[in-house]
Amino acid sequence: MSFYGSRYFGDIVHGELGKDLFRYHGFVMMVAVAVLVFVMYMGCVILFTKFSYRHFLNRQRLEFWWTIVPMLMLVGLWXPSMINLYYMEEVKRPRWNFKAIGKQWYWSYEFCRNLDTPSSSESAESISCYTIDSYMEDQQETFSKGGYRLLDVDNRMVAPADVQMTAFVSSSDVLHSFALPKLLIKVDAIPGRINRLPMKASQCSIIYGQCSEICGVNHSFMPIVIEFIPEKYFVMWLEALN
């Protein structure tokens, strides 16, 4: 996660896909900077040169290359982008699911006590389900604990780290948006519709996010906090809910 006074972006905890997206971003920026420098250089040459070629009518070879080179650059950007998009949309078997429901102006999480493990033998009838309402924490209490202003909540959602899971996102009133930048996640919460979102945190962490869709007067006071803990402690947390 990011800290106050940090000079860099926060760490991405999305595993190998996050690293691939980070490398792709660096590649795109390298190409963009190279194109910008070349265009500025050619612009300066054309504007400030004292010479001109009066008999220049057309140059087929030049027109060929200034068409082919941008096409090759775009293809070079397209190929890794499509690969990353494919892996981002890849659906894997989840071991745990939870539902995030946006409400004015807090988040409600619904989940069941089952975690898909080789030793799990609970029947569907014996599985207990729970609901957690997560409101923004009072600022005085946040300051006393040294927390983050407008980002901490009274009840954190807890999830297992390094476990493939699925988040089902919806809304009970107006449009919201469930966004966790450190997990590379942003999905709309739409009334009457459930959006499916694969999720996996590669390490134990506390991930902060916010509603990213203007949803009313208290839109800015609708934080999201998910605490990812080791799987064995997560199982103990689920058992303690009973």
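Glycine too: its Cβ is placed from the backbone N, Cα and C atoms.
The feature topological domain 'Mitochondrial intermembrane' is assigned by Swiss-Prot to 1-30 (among others), with sequence analysis given as support.
Through the fold, the transmembrane segment (31-47) approaches residues 73, 76-77 of its own chain, all at least 6 residues removed from its boundaries and within a Cβ separation under 8 Å. Look at Swiss-Prot and you will find 31-47 (among others) tagged as transmembrane segment.
The topological domain 'Mitochondrial matrix' annotation in Swiss-Prot covers 48-66. Sequence-distant contacts of the topological domain 'Mitochondrial matrix' (48-66), counting only residues of its own chain at least 6 positions beyond either end whose CB sits under 8 Å from a CB of the stretch, are absent.
Summarising the annotation, Swiss-Prot assigns transmembrane segment to 67-83 (among others). Only residues 6 or more beyond the boundaries of the transmembrane segment (67-83), in the same chain, are considered here, and those with a CB under 8 A from a CB of the stretch are 20, 24, 27-28, 31, 35.
For 84-242 (among others), the entry in Swiss-Prot reads topological domain 'Mitochondrial intermembrane', with the evidence type sequence analysis.
The Cu cation A1 binding site annotation in Swiss-Prot covers HIS176, CYS211, CYS215, MET222, and the record cites similarity to another entry as its basis. In the shown protein chains, 26 other C-beta atoms lie within 10 A of the C-beta of CYS211 (Cu cation A1 binding site).
The feature Cu cation A2 binding site is assigned by Swiss-Prot to CYS211, GLU213, CYS215, HIS219. Note: CYS215 (Cu cation A1 binding site) has non-local neighbours GLY102, GLN104, TRP105, VAL174, LEU175, HIS176, MET222, i.e. same-chain residues 6+ apart with C-beta under 8 A of its own C-beta.
The Mg(2+) binding site annotation in Swiss-Prot covers GLU213. In the three-state DSSP assignment, the secondary structure recorded for GLU213 (Cu cation A2 binding site) is coil. Under a cutoff of 8 A between CB atoms, and with a sequence separation of 6+ in the same chain, the neighbours of GLU213 (Cu cation A2 binding site) are LEU175, HIS176, SER177, ASP188, ALA189, HIS219.
Fewest Cβ neighbours within 10 Å among the binding-site residues HIS176, HIS219: this applies to HIS219. Shown in sequence order, GLY102, TRP105, VAL174, LEU175, HIS176, SER177, SER212, ILE214, GLY216, MET222 are the same-chain residues outside CYS211, GLU213, CYS215, HIS219 whose Cβ sits within 8 Å of the Cβ centre of the Cu cation A2 site.
Residues of the topological domain 'Mitochondrial matrix' (48-66) grouped by DSSP class, helix first, strand second and coil last, total 8 helix, 0 strand, 11 coil. MET222 (Cu cation A1 binding site) counts 26 other C-beta atoms within 10 Å of its own C-beta, drawing on all protein chains shown.
Close to the recorded Cu cation A1 site, the chain also has GLY102, GLN104, TRP105, SER177, ALA189, GLN210, SER212, GLU213, GLY216, HIS219: residues not among HIS176, CYS211, CYS215, MET222 whose Cβ is within 8 Å of the site's Cβ mean position.
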